[in-house]
Amino acid sequence: MTREYSNISMAVIRRLPKYHRYLKDLLDQETYRISSKELSKLIGFTASQIRQDLNCFGGFGQQGYGYNVEELYNEIGKILGLYQSYPTVIVGAGNLGQAIANYTNFDKFGFSTLALFDSNPKMIGMRIRDIAVHDVDQLEEFIKKNQVRIGVICTPKKVAQDVATKLSEAGVQGIWNFAPIDIKVPEEIIVENVHLSESLFTLSFLLSQEFDQE
Ligand code: NAI
C-alpha cells in the first residue's frame, strides 16, 4: 500500500477488489455511469456504505450524476497498486503451483510469474505455460538477480516456514502463502494467506445449520 492511503482501514481495502470486479463487469457491458444506489443493488453493500468507502479516497462521485465507472475502476485499480510491476516466483510446482502458474489473468494486472521452484528432481526443467521449473537451491540467487517482489508458497506445510525464511532473506517484499500454517517472517514483509478450507468449512457450517434440522 502506498503511504498516501495508509490511514484507510483494512476493512475498506478488503472491499475494494469487489468494487473493482463489478466495475469491470459494468465496463464490459458498456455502462459508463452508475449511482451509488444502483451499485448497491449490484454489489450488495448499502448505498451509504459505498459512499463512505469511496469518500475515503476523496470521493469520485458527483451529486446528481453518480459515478463515472471507468474513472472509478481506474482509480480503484491504482489504489490497489495494480498495473505496477510485480515480478513473482512460485515455490512448489505441484498441483496448486501449476494451477496458479497456468492462470493467465494475473499477468494483466502486473503479476508476472518469472519462475517456479521445486525440490523434486523430476519436476526441475519442466515448463508450465512456458515458465521453467528450477531447483529450489537456486531460489535465493534468482530472487536477487531478478528483483523478485512476491513469493508464492505452494509447498507442503512441513517445509513452508523454511521456504518463507528463504524468500524473506533473499529480499521479497510480499508472500502469498497457500500452505496451511502461519508463517513467521520479519514484519516489513507483507504476508497474505489464502486458505480455501476456511471458506469451505464456513459453507459446511451454513449448510449444516440450514439442513440438519430437516
Ligand atoms: P503437491 O504435492 O501437488 O505439490 C507440492 C510441491 O511442493 C511438490 O511438487 C513438491 O515436490 C514440492 N516441494 C516439496 N518440498 C519442497 C521444498 N522444500 N522446496 C520446493 N518445493 C518443494 O501439493 P498441492 O496440492 O499443490 O498443495 C501444495 C500446498 O498448498 C500444500 O501445503 C497444501 O496444503 C496447500 N493447499 C492450499 C490450499 C489453500 O486454499 N490455501 C488449497 C490446496 C492446497
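Using N, Cα and C of the backbone, Cβ positions are placed for all residues, glycine too.
Beyond the DNA-binding region (18-57), the same-chain residues lying 6 or more positions past its ends with a Cβ under 8 Å from any Cβ of the stretch are 5, 8, 12, 65-70, 72-73, 75-77, 79-80, 82. Annotation comment: TrEMBL describes 18-57 as DNA-binding region.
If you look up TrEMBL, you'll see 81-182 marked as domain 'CoA-binding'.
Gly94 (NAD(+) binding site) falls outside any helix or strand according to DSSP and counts as coil. Annotation source TrEMBL lists NAD(+) binding site at Gly92, Ala93, Gly94, Asn95, Leu96, Gly97.
The C-beta environment of Asn95 (NAD(+) binding site), restricted to residues of the same chain at least 6 apart in sequence and closer than 8 Å, is empty.
Around Gly97 (NAD(+) binding site), a 10 Å sphere centred on its CB holds 24 further CB atoms from the protein chains shown. Mean pLDDT of the predicted structure over the DNA-binding region (18-57): 91. Of all the binding-site residues listed (Gly92, Gly94), Gly94 has the fewest other CB atoms within 10 A of its CB.
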